Every structure is written in C-alpha cells, then in structure tokens.
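Inspection log for the structure reproduced underneath, given as structure tokens.
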Amino acid sequence: MADLLRLLLRVAEKAANVARVCRQEAPLFQLLVQEKTGDDKNKKFVQDFKTLADVVIQEVIRHDVGAQFPEMAGFIHGEESNKFENGLGESVTVTVCGTEEETAALLSTVLDGDHTAASLLARAIHQDPTTIDTSTDGLTVPLSPSELGIWIDPIDATSQYIEGREEVLEEGHLSPSGLHCALVLIGVYLRSTGEPVMGVINQPFNNKDPAGGGWRGKHFWGVSCGSINVCSVSRPKDGAGRGLSVVLSSSEKQVVKEALTSLCGPDKLVYASGAGYKILCVIQGLADAYVLSEGSTFKWDSCAPHALLRALGGGVVDLSKTLQSNVGPQDHKTELTYHQPYTECKGADRWANHGGLVAYRDCSQLCSIIGALKGKL
C-alpha cells in the first residue's frame, strides 16, 4: 500500500504538470475544449467541458498504475470517455503510448495535425515529476492491490480550470472560485465493500513561484483502513465557541440555505466552486461541513477526499438516506460507497451520488446538520 500511495502521489503530480502545460499554452488550450454530449453530459452545467487535458490526465494515471499494478488494470475508473473527435469528424481513442514520439503522433491526430501542441503534451505525459516528499515509508496496510479499485477525477471543477481566474490564497481562508479550485483527485476503494481507503488530492495551481512566475502545486493524502488512519493534513483545532460553518454551492436550494442559516447564522454559510474543493475545505478546517441536496456529484468527485476525511475521523454520508434513517448518522450505515453503479440509470448517472451528501469532520456537527434539515427536504 505504501508503494501504491507513492505511485499515486507521483502520477498525480505528473497529471498536475499536464494541467499546467495546457493552461500555459493559450492556443493549445483553445484547441482542447470540447463540449460533453449525450449520456456523459453532467446536467448541472449548461455548458460543461470535456478537455483533452482531462482525458490525457486520466489515461496517464490509468497507464502508470496499470503498468506497476497489473491486477488493478480493470478497476481503474475515470470521469471521462477516452474517445475524442477531431475536426475531420474522426473518432480517436486517446491512450498513452510506449514512447513520447508515438504519443505525440497519436495526439496530433486528435489535434488536427497541430504537431507543436501534440509534442508539448506528449513531453508532459512522459516526463517524470520531481520526487514527491512524503513520510509514507513506515506505512503498512494489510491490503493487496487485487482487493482495490480506483476512481479518477482528472480535473475537478473543469469550469474554473477553463475560466482560469487567478486568486491569491490566504492562509486559513476559503477562496470561493478560481484556478485553485481545480484539483486532480485519485481515490482508492475496497472492491468488496466500496469503502474509500486511500485518497490523493493534487492542487496544481496552489501558488506562484515569486522568481519564475510559474504555478506550483500542493498535494494532500490520507489512508483509512481499520485501525490505521494517517493523513498529511493534521486534524484542525476546533475553535471553541466559533460556531458551525458550512460550505455550499451557490445554486443550493433556498430551503437548505434557510435551514442552515437558522442553525449556523448567515455569516457562517460560505460558497465555493467544485465538489472536490468544497470537501478539501472541510479537510483543511476552512469549513466544518459541506452540504449538497442535489444528486449532482459523482463517485469520482468524492472518493479521494472521502478517504482523507475518514482518516481524520469524519466522513461523507448520503444526505437523503441519513434523513430517512432511524439510527443516528454516527453508525456509518449511510456513508457513501464506491463499488456499485445505479443499474437503472445510464451513462455518467450510473455513478452519481443521487441522494446528495454531507461531508463532515465531526459526528456531533453532522447530527446538528441532519437535525436542522429533517422534514425540510
């Protein structure tokens, strides 16, 4: 498991490099944006984007993990379909080839013969990132790769990534939108139970190098398996008497906003973009919980950050099931799981978190939130 974690941290950093390269090359970026259609269209956004960056990142992770752990190859799932259409209407399946030249040639067919753009991307794909510093050496978890599956969200908050607004992050403050909301999410779950056991989050656009002006990233990771709970983020100190704060999507239902305003007070409701970023805010202690009443997130959005929250003593529950449950939320029966699709749905919706969710660090705060929402939805 320590080997797998080290590999995921490395491929997440490689993915972050690809995301940065795609943003830095403006003409390349214009070329990459393609709208999602049909069953893969996420209903939440009127204009959702499918970027080659997304697909390339997903395939890099799939390729590198499958190469080192072949027994996981059939269980590496991503948000994106790796079929792409070029300007000639030809369908091209994007994969990572054996050499940089071969990958560049394949990408060139997607990019309508733009060899410069294809070469830039291929270089980022085949370049090994600088060594990631982690204290994973003593980590022993009694699981084998053949028991595990992976969910990848190549760029969560794609709309923020494409808009590309640069915000300076203030320590200890939640920043509602901008490039920093775009995250690479890699979550590992148990195939037998669907429990999230490991998560890696890479924030490619965390801060700018004062000298060179290039973007630098930041990574977060967590492992939660039985009695083993380790996280790169230390559990935030609970500020006594500061009240409960909740992060929401700005499009959240009015009835939810009103119920939570009564519970927390109006100044304790904050808004931010990206499901992954909102859960990261809870992990970092920038908010106590994230509440979403809609089924507009997916397994790939929540799997990685869910593992980090579990390692910190929290979790992510299905809101609808928790509201209907007769037992207290703390018995973990309504925690999200990651191994079974909704067979009655099609396309991406098979993997939606249909009942909405609450991401939390503290069980007593979860109980307060569920209490406030009971009978309202």
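Positions of Cβ are set from backbone N, Cα and C atoms, glycine also.
Per TrEMBL, the features are as follows:
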- GLU79, ASP153, ILE155, ASP156, ASP301: Mg(2+) binding site (BINDING)
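Same-chain residues that are not part of GLU79, ASP153, ILE155, ASP156, ASP301 yet have a Cβ within 8 Å of the Cβ center of the Mg(2+) site turn out to be ILE152, PRO154, ALA157, THR158, LEU183, LEU185, ALA275, GLY276, PHE298, TRP300. In the structure as shown, the Cβ atom of ASP156 (Mg(2+) binding site) sits within 10 Å of 30 other Cβ atoms. All protein chains shown were included, and the count of other CB atoms within 10 Å of the CB of ASP153 (Mg(2+) binding site) stands at 31. When other Cβ atoms within 10 Å of the Cβ of ASP301 (Mg(2+) binding site) are tallied across all protein chains shown, the result is 28.
The 10 Å shell around the Cβ of ILE155 (Mg(2+) binding site) contains 29 further Cβ atoms across the protein chains shown.
In sequence order, ASP54, GLN58, ILE152, ASP153, PRO154, PHE298, TRP300, ALA348 are the residues near GLU79 (Mg(2+) binding site), counting only same-chain partners six or more apart with C-beta under 8 A.
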